[in-house]
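**Q** This is the structure, below, for whatever I ask next.
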2 protein chains.
Amino acid sequence: MMNPNSSNPIGVFDSGVGGLTVVRALMERLPFENIVYFGDTARVPYGVKSVETIAHYTTQIAEFLLAKEVKLLVVACNTMAAVASQVVKDLSPVPVLDVIDAGALGAIATTAKKQVGVIGTPTTINSNAYARAIHQYEPEVRIFSQACPLLVPLVEEGWLDHPVTRLTAQEYLKPVLAQDIDTLVLGCTHYPLLKPLLQDVVGPGVRLVDSAEAMAEETAALLTEMNLSNPQRTAPHYDFFVTDVPLRFQTIGERFLGRTLSNVHVVKW
Amino acid sequence: MMNPNSSNPIGVFDSGVGGLTVVRALMERLPFENIVYFGDTARVPYGVKSVETIAHYTTQIAEFLLAKEVKLLVVACNTMAAVASQVVKDLSPVPVLDVIDAGALGAIATTAKKQVGVIGTPTTINSNAYARAIHQYEPEVRIFSQACPLLVPLVEEGWLDHPVTRLTAQEYLKPVLAQDIDTLVLGCTHYPLLKPLLQDVVGPGVRLVDSAEAMAEETAALLTEMNLSNPQRTAPHYDFFVTDVPLRFQTIGERFLGRTLSNVHVVKW
């Protein structure tokens with residue numbers, strides 16, 4: 001492991017715009033850190049692709065960000081973290097954090113009953129990665145997981161508080177809520193935008209773990225521990241690389257980021 | 001234009017599995033034709049990508065099928081047909097048919113009031129391609145179109161007759177139905193699977209135009225006219241090329257095709 005320069009940016013990547021919820025949490029938690037974001041908008045969504053394809057794309061993106069001299073890699077995409085996190089760790093000379101590990105730590109800190117629900121894309125859920133990550137720290141926790149393939153398109157449609165979204169969430173969460181959980185991990189970067197609706201559906205007895213916020217906490221801890229916090233106290237620089245500028249990109253991106261999206265560069269692969 | 005061999009296969013392509021509804025209609029209408037299908041399952045969906053990216057991918061696929069010596073190219077993807085049909089026509093030495101042209105002809109044959117609704121993905125609808133195709137044949141027709149981004153994920157989830165799908169369809173179709181249409185074009189290859197539900201939502205006064213069936217009719221007419229029908233009366237050969245074998249591919253593919261899906265080959269790009 002090389003010793004990166006502490007003023008270098010944090011590299012964050014995702015299959016599309018979803019990882020911007022992680023960037024937003026990082027901006028709020030670490031206001032002096034420079035960030036380079038990569039969103040593979042031409043090939044999104046990863047949640048329905050095979051493991052081999054996801055590993056291949058993930059490698060390509062990690063190498064792109066390493067060439068930008070990032071001091072830390074953040075795998076913001078749950079699907080990539082679920083099936084290709086080790087691939088990134090094997091090739092990276094700088095530390096690698098992933099949202100699943102962050103979400104697992106958040107779940108353990110939250111659950112009292114040791115009964116945790118996890119929702120995500122089909123690939124994330126089928127990989128069983130959250131269960132493995134949680135059990136690695138706390139083997140006693142019982143985990144109930146549910147794939148929710150329609151929640152990503154509902155968020156991208158902007159139906160954040162719509163009867164269709166409510167009905168869909170109720171249908172997906174019915175089996176999980178039948179299990180007496182006290183914690184629900186939002187295992188997809190799109191889901192933080194549905195927090196008010198999901199909190200309503202699960203009721204006051206269940207606490208939501210937002211993996212974007214959990215990731216910002218873990219990143220802050222790692223930077224302090226490794227003495228890698230940016231010493232400069234000036235306005236940071238943010239760069240966004242995408243493989244395509246799809247329809248409604250600006251609107252959706254800004255909804256995720258919670259502010260104006262500028263410095264967007266298109267990479268053609 | 002070269003003179004293709006009439007026993008050569010028909011080449012059909014789509015961004016994913018949706019075009020299998022066109023293959024199914026072709027198998028039923030033309031039971032002695034060999035078919036080679038290409039589905040770009042690694043890069044699906046195209047409906048949210050930029051025009052440049054779609055044109056680039058479409059060229060790559062058309063060239064792949066031409067190398068398989070197809071006698072005819074069928075652009076089964078509405079999004080590709082909407083924004084990249086001319087690109088295919090420019091490069092192809094064999095005839096090219098596309099679903100939008102087929103759907104437009106179907107709409108003109110169906111409407112009495114000359115008031116037509118069109119539903120499709122955002123890219124298809126924003127391209128205005130159905131309106132242009134219909135007006136080219138019949139400038140008097142009034143067209144009311146509506147993007148329905150959630151219908152594709154709902155079909156892929158298998159919620160073909162589900163309250164969520166019904167509520168979503170009602171919401172999308174409300175403005176179109178307010179326009180006194182008598183015909184609704186299903187401008188996406190996924191939508192034929194929702195025909196019973198959509199017929200219910202639009203009521204008996206509106207006739208649905210299934211662009212897969214319209215395409216099979218147009219293909220049959222062209223083969224006869226150009227003397228390109230396969231003279232062999234033996235069981236035809238079907239080949240399916242895909243760029244990825246995603247989760248649930250077999251299940252979803254067979255739902256679209258209406259029969260067992262075999263001879264599936266993976267092309268790695």
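Glycine residues also receive a Cβ, built from the backbone N, Cα and C atoms like all the rest.
TrEMBL lists these features:
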- B:D14, B:S15, B:Y46, B:G47, B:N78, B:T79, B:T189, B:H190: substrate binding site (BINDING)
- B:C77: active site, proton donor/acceptor (ACT_SITE)
- B:C188: active site, proton donor/acceptor (ACT_SITE)
**Q** Residues with Cβ closer than 8 Å to the Cβ of B:N78 (substrate binding site), same chain and 6+ apart in sequence?
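**A** B:V99, B:I100, B:G103, B:G120, B:T121, B:T124, B:G187, B:C188, B:T189, B:S211 - these are the non-local Cβ neighbours of B:N78 (substrate binding site), listed in sequence order.
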**Q** Hey, for the substrate site built from B:D14, B:S15, B:Y46, B:G47, B:N78, B:T79, B:T189, B:H190, who else sits with CB inside 8 A of the CB center?
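**A** Here the non-site neighbours turn out to be B:G16, B:G18, B:G19, B:V44, B:P45, B:A76, B:C77, B:M80, B:T121, B:T124, B:V152, B:C188.
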**Q** Which Cβ among the binding-site residues (B:S15, B:T79, B:T189) has the fewest C-beta neighbours inside 10 Å?
**A** B:S15
**Q** Please identify, from the active-site residues B:C77, B:C188, the residue with the sparsest Cβ neighbourhood, meaning fewest other Cβ atoms within 10 angstroms.
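**A** Per-residue Cβ counts within 10 Å for the active-site residues B:C77, B:C188 bottom out at B:C188.
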**Q** Near chain A: which of the binding-site residues B:S15, B:T79, B:T189 have their Cβ closer than 8 Å to one of its Cβ atoms?
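**A** The answer is none, since no candidate qualifies.
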**Q** What is the separation, in Å, between the Cα atoms of B:G47 (substrate binding site) and B:C77 (active site, proton donor/acceptor)?
**A** 10
**Q** Under a criterion of Cβ-Cβ distance under 8 Å and sequence separation of at least 6, what residues of the same chain contact B:Y46 (substrate binding site)?
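**A** Within the chain, B:Y46 (substrate binding site) has Cβ neighbours under 8 Å at B:S15, B:D40, B:I54, B:Y57, B:C77, B:T79, B:M80, B:T121, B:T123.
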**Q** In the structure shown, which of the binding-site residues B:D14, B:G47 has the fewest Cβ neighbours within 10 Å?
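**A** Comparing Cβ neighbours within 10 Å for the binding-site residues B:D14, B:G47, B:G47 has the fewest.
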**Q** Can you tell me how many other Cβ atoms are located within 10 Å of the Cβ belonging to B:H190 (substrate binding site)?
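**A** Around the Cβ of B:H190 (substrate binding site), 27 other Cβ atoms lie within 10 Å.
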